Amino acid sequence: MMSASRLAGTLIPAMAFLSCVRPESWEPCVVPNITYQCMELNFYKIPDNLPFSTKNLDLSFNPLRHLGSYSFFSFPELQVLDLSRCEIQTIEDGAYQSLSHLSTLILTGNPIQNLALGAFSGLSSLQKLVAVETNLASLENFPIGHLKTLKELNVAHNLIQSFKLPEYFSNLTNLEHLDLSSNKIQSIYCKDLQVLHQMPLLNLSLDLSLNAMNFIQPGAFKEIRLHKLTLRNSFDSLNVMKTCIQGLAGLEVHHLVLGEFRNEKNLEKFDTSALEGLCNLTIEEFRLAYLDYYLDDIIDLFNCLANVSSFSLVSVTIKSVKDFSYNFGWQHLELVNCKFGQFPTLELKSLKRLTFTANKGGNAFSEVDLPSLEFLDLSRNGLSFKGCCSQSDFGTTSLKYLDLSFNDVITMGSNFLGLEQLEHLDFQHSNLKQMSEFSVFLSLRNLIYLDISHTHTRVAFNGIFNGLSSLKVLKMAGNSFQENFLPDIFTELRNLTFLDLSQCQLEQLSPTAFNSLSSLQVLNMSHNNFFSLDTFPYKCLNSLQVLDYSLNHIMTSKKQELQHFPSSLAFLNLTQNDFACTCEHQSFLQWIKDQRQLLVEVERMECATPSDKQGMPVLSLNITCQMNKTVIGVSVFSVLVVSVVAVLVYKFYFHLMLLAGCIKYGRGENTYDAFVIYSSQDEDWVRNELVKNLEEGVPTFQLCLHYRDFIPGVAIAANIIHEGFHKSRKVIVVVSQHFIQSRWCIFEYEIAQTWQFLSSRAGIIFIVLQKVEKTLLRQQVELYRLLSRNTYLEWEDSVLGRHIFWRRLRKALLDGKSWNPEGTVGTG
């Protein structure tokens, strides 16, 4: 089943992937002129052939080795620069000068040995600096004190031994995240945090994970306020952990994270006594992660954290929990991927959010008493419910969000009495029982989102969705309907905007199934068993934008139905269906071709039958269909008549074309001053002499040339007549021996004679390019007679001859045309 976000992502056009239109072949653009990814291209220097407008540049894995001053001067608009693993050893003063807009700089994995004091000068807008694995040994010598806009500094996986925060940290007033994980820090002293007493950074999140901590001086964190402190895999033993946590006394932290990582284990054993020091901290939110040790009880841990607002356990094994009693002031409790002996007893008066997901043990749900609860996530636990769901199950009437997805058998025994405030309800991939026996959701008039996908539900009761008057999203994929027929079950869902009916084995649907869904925008009918596209049921969906009918067995559509798609429809998916590419369905196949702008991935729509056309794209299909005898008889008679007419017209075809053109264009303006007829053997003279002198000289003339002005895909004869003669004021005939021997040239010349006869304004100018043998010339009687009786121009390649030639030719072309002093000639 395609999720809503994926469906929308495939159907709403995003930015097209474009390649650079530049002479270089290396740059694979993501967004031309803005984003360039140039990884692993073996660059030894910064490329200088990228546009000034570049904003995002990835040069990672190139052997740059050295960054000199003004290395990025050509990219003043740069915002993100990635120089990961470029073997950079030296960064000189002003290397990033002029990058006043740069917000992110990544230097990961560079063995930096020489870092100038002014290396980061000019970065007046830098917010994120990543210097992971850069051989950094101390924060003291890191020249970043002037980066007042810096919000995130990541120097993890380095050689830093001292936690002392330099004096320049008082300038970094916007710093929100400092990552010192996986360094060599072992001890923290009071003097190390002196700068935080002088200039508190109240929003600072500090990560000290994966440091082999063995000592935190008592009082080092006294009266220090942090937004977040993370200490995971930071202690080698239980005693060290206990001592260091006691050293945190006096710290006020919004979010404290302790524990280990999934694949990183330092502690051999663990018990809650190591956390006794937490009673001396002021904590708002607490998380304990990946302590996969068998804890007998964690009630002592709860006592020190009774007043936190959020308590979270991730991947913790707990042998037993007596209860979560009213004594705790938690508002959010999260238990994820933990192991319990049984489902815990929950009686928490102030709790508003409970996340209990992917846990093991205690498969039977026990009633809880959570009077303030608004958000409840019980997904992925394999839980069983008997008589779900009502206020008595959860001990609250304030619940707005309930997720029971990916559980075991859930028997519906109540229609959510006391849970009328629910807005989000998710049952997907749980096994629902008794869903079609009564109106389960009758009380949920505030529900906006409902997911019952893949819940083994068989819809046999038309009132299954009664009461859901506010519902906007309904997902019920992977279920089934009685007789594989979709009845009128959506009559009360007038506000529905998204409906997923995929994988429901549907074969038919009621013509009025969707009549009430005037607000529906997205409808997924994919992975069903429809054999024809019946569009009639969608005529009332005036807001429908996306319709997915992919992966059905559609062969065709009902002949009268194609007109009923709503005008609002923007995306229709018919891919991977069983299209029958036969004459019987020719109108439907033609409709597909006509609607290619509407259809999603239309190029993937292929024929399934007949066998000789299987796999053929529908768009490339060209069917020659047989006709009945009457049609054949009429066609034969028509062909005979047309043949007789064609024989009579054949000899006069081009004359008629010219006559029609003269009538059509006779009173209009000409596009060209002259159409040039010449042999391809003389093309060099035409390009270098005729075109250059007439189109670039004074006055200028516009010539029609077949290699430049004829329309591709149109017959040569049609181009000669329509583009050459009809749109030109005169004709220039370049006579040479090659011309006389060319059948095309003689054809053009004969058409020119007819054109001159039909058009009163037409004129033919002859240019004899080279001496022509009279015996050869006499083979073309009409041409010989015309040259004998009319004045023509002869080309003479001398200074005086060229001057006279061009003066006479321009005079002939100017005949009947206006010319202004600026040297331009109107085409008339």
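Cβ coordinates are placed from backbone N, Cα and C, and glycine is handled just like the others.
The shown structure was predicted, so the numbers you read here are calculated from the model rather than taken from an experiment.
Summed and averaged per residue, pLDDT over the domain 'LRRCT' (577-627) gives 88. The annotation domain 'LRRCT' is assigned in Swiss-Prot to 577-627.
The domain 'TIR' annotation in Swiss-Prot covers 670-813 and rests on sequence analysis.
What Swiss-Prot records for 53-74 is repeat 'LRR 1'. Residue counts for the repeat 'LRR 1' (53-74) under DSSP (helix as H, G, I; strand as E, B; rest coil) come to 0 helix, 5 strand, 17 coil.
For 77-98, the entry in Swiss-Prot reads repeat 'LRR 2'.
Away from its own ends, the repeat 'LRR 5' (149-170) comes close to residues 124-140, 142, 176-189, 191-196, 198-199, 201, 207-208 of its chain (Cβ-Cβ under 8 Å, at least six residues beyond either end). Residues annotated as repeat 'LRR 5' in Swiss-Prot: 149-170.
The annotation repeat 'LRR 6' is assigned in Swiss-Prot to 174-195. Mapped onto DSSP helix, strand and coil, the repeat 'LRR 6' (174-195) counts 6 helix, 5 strand, 11 coil.
Same-chain residues lying 6+ beyond the ends of the repeat 'LRR 7' (203-223) with a Cβ under 8 Å from its Cβ atoms: 156, 163, 175-190, 192-193, 196-197, 229-236, 240, 243-244, 246-252, 255, 261, 264. Look at Swiss-Prot and you will find 203-223 tagged as repeat 'LRR 7'.
Taken from Swiss-Prot, the feature repeat 'LRR 8' applies to 225-245. Counting same-chain residues at least six beyond the ends of the repeat 'LRR 8' (225-245), those with a Cβ under 8 angstroms from any Cβ of the stretch are 176, 181, 200-216, 251-261, 264-271, 273-278, 289-290.
Sorting each residue of the repeat 'LRR 9' (372-392) by its DSSP state yields 2 helix, 8 strand, 11 coil. What Swiss-Prot records for 372-392 is repeat 'LRR 9'.
The feature repeat 'LRR 12' is assigned by Swiss-Prot to 446-454. Each residue in the repeat 'LRR 12' (446-454) gets a DSSP state, and the totals come to 0 helix, 3 strand, 6 coil.
Residue counts for the repeat 'LRR 13' (470-493) by DSSP state, with H, G and I taken as helix and E and B as strand, are 3 helix, 7 strand, 14 coil. According to Swiss-Prot, the repeat 'LRR 13' annotation covers 470-493.
Secondary structure of the repeat 'LRR 14' (495-516), assigned with DSSP and counted as helix (H, G, I), strand (E, B) and coil, comes to 0 helix, 5 strand, 17 coil. Residues or ranges marked as repeat 'LRR 14' in Swiss-Prot: 495-516.
Outside the repeat 'LRR 15' (519-540) by six or more residues, the chain places 1-2, 4, 7-8, 477, 484, 494-513, 546-558, 561-566, 573-574, 578, 588 with a CB less than 8 A from a CB of the stretch. Here Swiss-Prot flags 519-540 as repeat 'LRR 15'.
Positions annotated as repeat 'LRR 16' by Swiss-Prot: 543-563. With DSSP states grouped into helix (H, G, I), strand (E, B) and coil, the repeat 'LRR 16' (543-563) comes out at 2 helix, 5 strand, 14 coil.
The topological domain 'Extracellular' feature in Swiss-Prot is assigned to 24-629.
Sorting each residue of the repeat 'LRR 8' (225-245) by its DSSP state yields 8 helix, 9 strand, 4 coil. For the repeat 'LRR 2' (77-98), same-chain residues at least 6 beyond its ends with a Cβ under 8 Å from one of its own Cβ atoms are 52-71, 104-123. In the repeat 'LRR 2' (77-98), the DSSP tally of helix, strand and coil residues is 0 helix, 5 strand, 17 coil. Away from its own ends, the repeat 'LRR 1' (53-74) comes close to residues 30-31, 33-46, 80-99, 101, 106 of its chain (Cβ-Cβ under 8 Å, at least six residues beyond either end).
Below 8 angstroms of C-beta separation, residues 1, 405, 420-429, 432, 435, 468, 470-479, 500, 503 of the same chain, each at least six residues beyond the ends of the repeat 'LRR 12' (446-454), sit close to that stretch. The DSSP breakdown of the domain 'TIR' (670-813) into helical (H, G, I), extended (E, B) and coil residues amounts to 79 helix, 24 strand, 41 coil. DSSP assignment over the repeat 'LRR 15' (519-540) gives 3 helix, 5 strand, 14 coil.
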